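One structure below.
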């Protein structure tokens, strides 16, 4: 399967419009005003570049802005946010802050999603980014024409289309808006209700119901925790935490049932891989998201953007065929400090602060990275991963572009807090993490109410 990447890469080279690498971009267009887009804008502003953020919704914040609606908004645009009521972050806040704009001392490590959204708005006000953000501007097409990019967008309130020229494009449209629902035998036979976690907004509406939750990623575990005392029956189907019994499994009520993968659905429930049968009223798929870049095509941009991967990207950021286009925020693992580093790298490239290798060298680097992932037993859909060593990735960005080197303690906290999540799902958010040096941190059990230091 990895060989297909090489074939697709060669085909993309045949249609690529060729490399054009300006020393400094006079106009930069950013797609998306979520975490990654805002981080990029701040650095572009630091370097004195002219930029505009095109945001499809009426608000900044991307998935961090809670919206109780599902389906479409007042302009008929899909609700992009996958946020839900009472969400708390699943990584310590020190791993999520923008560089140079840290959270105030004394804040608990696992803040609410609402508090983090307030922090993002405070960041925008502090750096004066709002005047460069164009809301209700849905990007519909991006095309390379000679030495410029033509970016077409629709004003969602008027349905009028406009096209602007850009020297440099940063794609920061996020990866948590297009639900991934796997095909499972018998789905069409099931007569109950189904939904994806993207449309999960609050627990109370499931009170008294019998619910099947599929998936054990961050949203799956959160939904299970929220529903455990609400539903009359809660079935959790997952294959990731096969050894969960060796950890400190939450003290779920008697209505909780853990199951392996669904073998096939029935009219009123499902048969699982252990050949047991359960009935339920609702299925919630917590099965992740697809990439979604409908405004790009290989012919128009030189990039191959599918629902599972975007390629070929040098350093998981730069469009190798057209290096005046970068992507911020589609890499794995999803580590906010990593996104901030990518944003800084993109801004430095747009500002002409460093020069990329030749196309041939970037391609060889990318192919070597793909081979490394293959040897490390990564899946094909993980081709946008930075690899098993996040610290080495930070060092590479620092060495090439002069991006300030992120101390190794951040990666250590990321790994350690993830381990704590598995060991104590019920209480892992009650710990405080405090970074005390470039290599050391402290962890303390400190349950307390939130006092958010930021206003609306």
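Glycine too: its Cβ is placed from the backbone N, Cα and C atoms.
Marked as FAD binding site by Swiss-Prot: 32, 33, 34, 35, 36, 37. Annotation source Swiss-Prot lists NADP(+) binding site at 215, 216, 217, 218, 219, 220, citing sequence analysis. For 1-22, the entry in Swiss-Prot reads signal peptide, with the evidence type experimental evidence.
Positions of the features from Swiss-Prot, shown on the structure.
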{"residue": "34", "record": "FAD binding site", "Cβ within 10 Å": "28"}
{"residue": "35", "record": "FAD binding site", "Cβ within 10 Å": "26"}
{"residue": "36", "record": "FAD binding site", "Cβ within 10 Å": "28"}
{"residue": "37", "record": "FAD binding site", "Cβ within 10 Å": "29"}
{"residue": "215", "record": "NADP(+) binding site", "Cβ within 10 Å": "24"}
{"residue": "216", "record": "NADP(+) binding site", "Cβ within 10 Å": "22"}
{"residue": "217", "record": "NADP(+) binding site", "Cβ within 10 Å": "15"}
{"residue": "218", "record": "NADP(+) binding site", "Cβ within 10 Å": "17"}
{"residue": "219", "record": "NADP(+) binding site", "Cβ within 10 Å": "25"}
{"residue": "220", "record": "NADP(+) binding site", "Cβ within 10 Å": "23"}
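Of all the binding-site residues listed here (32, 33), the one with the fewest other CB atoms within 10 A of its own CB is 32. Each of 30, 38, 39, 40, 53, 55, 60, 62, 172, 173, 174, 328, 329 belongs to the same chain as 32, 33, 34, 35, 36, 37, is absent from that list, and has a C-beta within 8 angstroms of the C-beta centroid marking the FAD site. When secondary structure is read from DSSP and collapsed to three states, residue 37 (FAD binding site) falls in the helix class. Other than 215, 216, 217, 218, 219, 220, the residues of this chain whose Cβ falls within 8 Å of the Cβ centroid of the NADP(+) site are, in sequence order, 197, 221, 222, 223, 238, 286, 287, 288.
When the C-alpha distances from residue 220 (NADP(+) binding site) to the binding-site residues 33, 34, 37 are tabulated, the minimum falls on 34.
A distance of 19 Å separates the Cα atom of residue 219 (NADP(+) binding site) from that of residue 35 (FAD binding site). Note on proximity: among 215, 216, 217, 218, the binding-site residues of the record, the Cα nearest residue 34 (FAD binding site) is that of 218.
A distance of 18 Å separates the Cα atom of residue 35 (FAD binding site) from that of residue 218 (NADP(+) binding site).
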